[in-house]
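Participant: Sharing a structure here in structure tokens format.
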């Protein structure tokens with residue numbers, strides 16, 4: 001199957017003149033007589049054309065919305081965490097990295113919005129970078145969620161063993177490992193993503209220029225970057241829930257609520273997309289009946305449900321940070337400092353002991 | 001609980017996500033739904049396009065545009081006429097690449 005490799009043009013048009021020459025000079029007899037030929041025209045189905053009118057308006061709007069929400073929400077989380085003078089706890093460090101990963105992911109959305117509205121106009125270089133950045137941060141998000149669940153699992157289920165806070169160095173090492181792994185997972189993207197002119201779509205898009213070779217790499221990527229974190233999360237939160245249900249205490253209900261909300265949000269955001277992908281696969285395998293309009297319906301469903309999935313990046317700050325009372329207080333403090341100069345003066349007097357470094361930190365808040 | 005069914009569903013999901021990735025890296029589906037017609041009248045042909053396998057469609061497709069707005073038809077690439085057209089397309093491509 002190498003004959004249609006990269007050097008082969010993926011599309012070849014023959015005009016009537018070429019064909020006349022070809023068919024007249026050919027000695028082979030044809031499979032048709034003039035009569036049944038007409039009936040062949042009636043029964044042969046015309047080719048489908050993929051209809052992207054929905055995507056052209058829906059996706060740019062959705063991506064712009066997610067871009068703004070994601071930057072604001074995650075930016076707020078990062079600002080609050082960075083404004084803390086005390087050393088960050090392990091969960092807070094993971095949250096900070098999660099916010100950065102989510103922000104980097106939504107930063108690529110404007111490019112995809114243009115791609116959905118028109119076509120990929122940014123060339124192969126930016127296709128590789130944006131595609132890799134998108135995947136790196138998607139997987140970094142999944143791995144960091146797993147880290148957070150493991151961290152909570154350690155502190156709730158094995159509270160006695162790990163009463164002391166873990167050394168900061170170990171947390172930093174975990175984060176470095178997470179980012180390193182994600183860079184490794186993105187290698188296939190750097191190699192195989194390219195701006196291709198897809199003749200079936202009659203447009204240029206940023207896509208994988210692979211057939212079989214890259215599938216193994218992408219399978220590894222999926223297992224290590226998505227399924228593994230998912231299993232870790234499921235196990236940790238199940239154990240945590242088991243402990244919480246047995247325990248008594250004022251905070252018990254609240255803690256259970258947080259765990260349930262986190263798992264439910266992840267499920268709600270990603271299950272519909274996976275169901276649609278399943279239907280699509282069944283159709284491709286021939287297990288479900290297919291026709292042009294059904295395929296277009298599936299494409300629309302895929303756009304909507306993947307948007308729901310990306311929305312999870314904007315939910316993370318709400319779920320992990322703003323649910324905490326301490327976090328909300330800190331946020332209000334920041335807003336008050338930003339909003340009213342008098343209050344700000346008041347706050348400053350309260351925290352006289354702060355060094356001059358706080359001035360520069362304050363300056364960075366205005367970026368929000 | 002039906003373990004076998006669950007495993008099948010998971011395996012298929014896994015396969016699907018590997019093959020498709022996220023919808024942003026979209027590729028065109030196969031254009032032809034069935035094998036296509038065996039042959040068309042040569043005098044009706046306005047244009048013939050040979051589209052090679054790509055990321056999302058692993059088969060070669062031959063699409064005939066008919067004269068007089070009769071529309072487009074998929075031609076079976078394994079039929080005699082289909083094979084001849086594909087061969088011709090390769091030859092033209094070869095000649096073009098020689099000129100360059």
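Even glycines carry a Cβ here, placed using N, Cα and C.
Below are the features listed in TrEMBL for this protein:
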DOMAIN    A:73-320  domain 'G-protein coupled receptors family 1 profile'
TRANSMEM  A:61-82  transmembrane segment
TRANSMEM  A:94-112  transmembrane segment
TRANSMEM  A:132-150  transmembrane segment
TRANSMEM  A:171-195  transmembrane segment
TRANSMEM  A:222-246  transmembrane segment
TRANSMEM  A:258-276  transmembrane segment
TRANSMEM  A:308-327  transmembrane segment
Participant: How about long-range neighbours of the transmembrane segment (A:171-195): same chain, 6 or more residues beyond its ends, C-beta under 8 Å?
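Facilitator: Sequence-distant neighbours of the transmembrane segment (A:171-195): 90, 93-94, 97, 120, 122-124, 127-128, 131-133, 135-137, 139-140, 143-144, 147, 204-210, 214, 217-218, 220-221, 224-225.
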Participant: The transmembrane segment (A:308-327) vs the transmembrane segment (A:222-246): three or more C-beta pairs under 8 Å (separation of 6 or more)?
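Facilitator: Between the transmembrane segment (A:222-246) and the transmembrane segment (A:308-327), which are separate recorded stretches, there is no contact, as judged by 3 or more close Cβ pairs.
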Participant: Average the per-residue pLDDT over the domain 'G-protein coupled receptors family 1 profile' (A:73-320) and send me the rounded value.
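Facilitator: Taking every residue of the domain 'G-protein coupled receptors family 1 profile' (A:73-320) together, the mean pLDDT is 84.
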